[in-house]
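Taken verbatim from TrEMBL:
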type: TRANSMEM; residues: 25-46; note: transmembrane segment
type: TRANSMEM; residues: 58-83; note: transmembrane segment
type: TRANSMEM; residues: 114-135; note: transmembrane segment
type: TRANSMEM; residues: 147-168; note: transmembrane segment
type: TRANSMEM; residues: 180-200; note: transmembrane segment
type: TRANSMEM; residues: 220-243; note: transmembrane segment
type: TRANSMEM; residues: 304-324; note: transmembrane segment
type: TRANSMEM; residues: 330-352; note: transmembrane segment
type: TRANSMEM; residues: 376-398; note: transmembrane segment
type: TRANSMEM; residues: 404-427; note: transmembrane segment
type: TRANSMEM; residues: 448-471; note: transmembrane segment
type: TRANSMEM; residues: 477-498; note: transmembrane segment
Amino acid sequence: MNKQLLKIEFKSTVNYFKSLETAKIIVYVFLAFIIAMWLLPILWMVSSSFFIQADNILIAKALFIITIGLIIVHALFLVNGLIKDLFMDSSIKSMLLLPLKPRSLFFVKIFKQYILKVFPISVLLSIIIGFPLYISSGSVIILITNVLYFFTLGIISLSLSYCLVFLVTKITSAKKVGEILTFLGAFLSITPYLFIFMGGQNLRPIIDALPDFSFLYENVLYGGFSIKMLAAIVVCLLILYFLSHIVITAVTNIFTSSQLESTVVKSRGKEKVQVFSRTRSLIQKDLQLTVRDFKEWSIVLPHYLFPFLFLFLISSNPAMFGGSSNPDQMILAISLAGSVMISLFVSAMNTARDARDYQFYKVLPIDGKIIIRAKYLFNSLTILPVYLVINILMYLFIQASLSSLIYAVIISILVVLTTVPIGMFIGTINPVVSKKNPSNRLDIAGNVMITMTVFIIIFAVGRVSSFFFIGNDINHQVILLTIGVLFITSAISAYIILNRIAKRYDQGYHITYKD
C-alpha cells in the first residue's frame, strides 16, 4: 500500500512541475543556477577554510551554534509547508474515506515532506561541514557520523515543526485550526529572517560568550576514532527511528481521532437589514472578507512588519541608508520605504483576491469604475490608519523631532495614495486562485515586479532621504516641494491607472486557477 501511495505522490509532484508556466520555470532554473554556481561555492570555501584551520574549541562552538540555529530556523520554515500539505489539503479528508490505512497515508505524506524539504538540507550540510572535518581528520567514520548527525537534526526540526502546528489545536476548535495555523505560519515565515539578521550582527559576541562544547563534539564529529563515536552513531540511529515513529503515529492519531472532528455551532438571533450605497457595500464586503478569518489576516498583517525590519537595518548598518544616524532622516527613510512596500503588497493582494469572485462581479449591474473606486478606498482606508500608527511608534523609538514626524505622516499618506493604484494594477496581472494556498494570489510577474521594487528601495531610500537635509538640518523647501509633487502624482496615478484597471474589470482579464 505504501508503494502505491508513493507512486501517486510522485506522479502528483511530477504533474505539478509539468504544469508550471514557462516564466516560473525560467525563474526556478535561474535561482538554481545562482545557488549552484555562486552560493554553494562560497559556503564551501568559507566552511572548508574554517573547519580545517580552526582549533577544536572554536569548531565545537561553531557546531553548537549551527545546531541550534538550524533546528530553530528550519522548523520555522517548515511550518507553512505543513499547514498547506495537511490542514489545507482537502484531498486528505477524501482519502481517509477510502479503504486505506491512515498510517500508510500519513507515512507517505510525511515521507514526501522529508524528501522535498528536509533531506536536501541534511545532504547539503553533510557535504559543506562533514567533508572539511573528514579532510582535516582523514577518517571515513568522521564523515559517517557527520552525515548521521545532520540527518538527525533534520528529523528533530521536522518533529519540532509538527509540535508547533499541533499545539494550536489545543487552544482552539477544529473549525478554526486551518485559519489559526495559516495566521501563525505567516508570522513564523518572517521570524527566521529576523533570527538570521540578529544572529549575523551578534555572531562574534555570541561565540565569545559560549562555554567550551568540545566534550560534546570532539571524537564524535571531529578528532580521532573512539568508543564515543560508535555510541554517537547508535544514539543518532535510535533518535531517527523513534522520532520518525512518534511523528507518524501522532499525526495519524490526531487526524483520525475525534479531536479534529469539526463542530458546527449555529447561532440564532434577530437579523437587521441595512441598505448602503454600492461603493459602501463593496467596501464593507472587502472588510468582512479580511477580518472574518485568520487566513486573510495572515496574508495582510505580516507586511506591516517591514518598517520594523527597516528600523533594524538602519540601526545596524547606517551606511546602507546614507551613512547617517540622524533620527530625522531615519524616520523619513522608514516612512518612504515602508509606505511603498506596504502599499504595493497589501493593495496587490487585496485586488488579486477579487479573482475568485470575478464571475460574481460580472453578473452584477455594477460598472467597473464603481468596483475599482471601492477597492481603492478600501485599500487606502485600511492601509493609512495602520501605517500612521506605525509612524508614531517609530517616532517614539527613534526620538526624532516633531517636525520630522509631521513630514513623515504627510509623505506617508501621499505615497500610499500614489502607490495603491500601482499595487492594484499588479494585482490584476494574471491573478492566481488557489484554495490550498490562498496567499498565492500573484503570478510570477507580479512577484518579480514587487521584489525588484523592494530591492531598489532598500538600496536607494537612504540616498533619496538624504536630499531632505542640509547637514543634520531639515531642508523644508525640498520637503514641501516633494509633498507638492507627490500630491500631483497621486492624483494622476489615481486617475490614469484606476481607469485602466476599471477597463480590465469590464473587458475581463486572465485568471489562473490552481488546486
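Indices start at 1 and increase along the chain as displayed.
Just so you know, glycine gets a Cβ as well, placed from its N, Cα and C.
Beyond its flanks by at least six residues, the transmembrane segment (114-135) meets 13, 40, 43-44, 47-48, 50-52, 59, 63, 66, 70, 74, 77-78, 81, 142-143, 146-147, 150-151, 153-155, 157-158, 221-222 of its own chain at Cβ-Cβ distances under 8 Å. Highest Cβ pair count under 8 Å relative to the transmembrane segment (330-352), across stretches 25-46, 147-168, 220-243, 448-471: 448-471. Panel annotation: around the transmembrane segment (25-46), residues 124, 127-128, 444, 448 of the same chain, lying at least six beyond its termini, place a Cβ under 8 Å from a Cβ of the stretch. The stretch with the most CB contacts under 8 Å to the transmembrane segment (220-243), chosen from 58-83, 147-168, 404-427, is 147-168. Long-range Cβ contacts of the transmembrane segment (147-168) within its own chain (Cβ-Cβ under 8 Å, at least 6 residues beyond either end) map to 67, 70-71, 74-76, 78-79, 82-83, 86-87, 110, 113-114, 118-119, 121-122, 125-126, 129-130, 177, 180-181, 184, 188, 220-221, 232-233, 236-237, 239-240, 243-244, 246-247, 250-251, 254.
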